[in-house]
Amino acid sequence: MNNILSFEINEIRNILQGWGEPSYRADQIFDWIYKKLVLNPLDMTNLSKTLRQKLLEYFSFQIPKVVRITGDGNTKKYLLELEDGENIETVLISHKNRNTVCVSVQVGCPIGCKFCATGLIGLKRNLETHEIIGQLMVIQEDLEKKEEKISNVVYMGMGEPLANYDNVIKSIRIIKEEWGFNIGSKHITLSTIGIIPKIYQLAEENLKIRLAISLHASNNELRSKIIPINKEYPIEELLESAFYYAEKTGRRVTFEYVLIKNFNDRREDAKELVRLLKGKPAHVNLIPWNKVREYPWETSDLKDIFRFKEILANSGINVTLRISYGSKIKAGCGQLRALYLKNKGETI
């Protein structure tokens, strides 16, 4: 059965017209779903009983099931169960009047970065559009209790967004549009390890969302050690695609850089990063590595983190240090899989 959360409004209009219904019924249906959070068509009282019954028979209105919620201050991690029994994790960060949702796009991840917990799962499957949108529905329902709304969406959860391109792009359109979640492009960020052909394709979509590149090293030798796909998509070509995206969209690109002790946090690493990015439409987001016990790495010392940041800032690079919200509940960068394995009965 088709899940209605996978459809854009024009697709629903076409289906309704085939049923002999006026196209404005689609607007009413989506108002119930995205504005009133009503997922039972029988409760859509401005529709005829016949149409309500037809919607119930033709579409699924299912969203992921909440298995467990863990909280740490302003961060909540949701373990969700999909219809086939697979699990994903979604994170809500509430900070300074913002509610940012970090969505997953795959069950597991195919990239296998050598510092990230999600990659240890491997790839189970891609998420469908409705499974991405369903994560937002779950969290918006939770926020409604406080009369709050989702303000930002980041594609930084489990999986590589550009490896599930079609479903991710469709979900972005649903999030952006007024009939959907009505969240503006500048409040949507897609983070990618750097699948270069898809970055060029994304630039042509005219979505104008924010792009974040998971760089994590300033030269190919180091990056290839922790990001296997770098051998296929080396740094120089990756930067070229990123700056093409910036030129096409008018948005500077964020480069995420996880700091790992005595690996990529040295003075020379910072200076090499300056040479790559100086004078470019770039912003660097430094992220202290969050411990994953299967890997031998350690988090950089604070003095080295601040030295790295200072070298970039003094060289004219826009740089911020990300506070790792949620690391205590394993909801921080690179940690999404602990609840997944626990729910599957595996050792973590």
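Just so you know, glycine gets a Cβ as well, placed from its N, Cα and C.
Pulled from Swiss-Prot, these are the features on record:
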ACT_SITE  GLU89  active site, proton acceptor
DOMAIN    95-328  domain 'Radical SAM core'
DISULFID  CYS102-CYS333  disulfide bond
BINDING   CYS109, CYS113, CYS116  [4Fe-4S] cluster binding site
BINDING   GLY159, GLU160, SER191, SER214, LEU215, HIS216, ASN290  S-adenosyl-L-methionine binding site
ACT_SITE  CYS333  active site, S-methylcysteine intermediate
Chain-internal residues, separated by at least six, CB under 8 A from HIS216 (S-adenosyl-L-methionine binding site): CYS113, PHE115, ARG223, ILE226, ILE227, GLU256, TYR257, VAL258, ASN264
Distance from CYS109 ([4Fe-4S] cluster binding site) back to LEU215 (S-adenosyl-L-methionine binding site), taken between C-alpha atoms, in Å: 17
By Cα-Cα distance, the member of recorded positions GLU89, CYS109, CYS116 nearest GLU160 (S-adenosyl-L-methionine binding site): CYS109
CYS102 (disulfide bond) and GLY159 (S-adenosyl-L-methionine binding site), Cα-Cα, nearest whole angstrom: 11
SER214 (S-adenosyl-L-methionine binding site): tally of other CB atoms within 10 A of its CB: 25
CB contacts for GLY159 (S-adenosyl-L-methionine binding site) [other CB atoms within 10 A, all chains]: 30
In sequence order, the recorded positions (GLU89, CYS109, CYS116, SER214, ASN290) whose C-alpha falls within 10 A of CYS102 (disulfide bond): GLU89
C-alpha spacing of CYS116 ([4Fe-4S] cluster binding site) relative to SER214 (S-adenosyl-L-methionine binding site), in angstrom: 12
Rounded distance in angstrom between the Cα atoms of CYS109 ([4Fe-4S] cluster binding site) and the residue listed as 'active site, proton acceptor': 13
Candidate recorded positions GLU89, SER191, ASN290, pick with smallest Cα gap to CYS116 ([4Fe-4S] cluster binding site): ASN290
Collapsed DSSP category at ASN290 (S-adenosyl-L-methionine binding site): coil
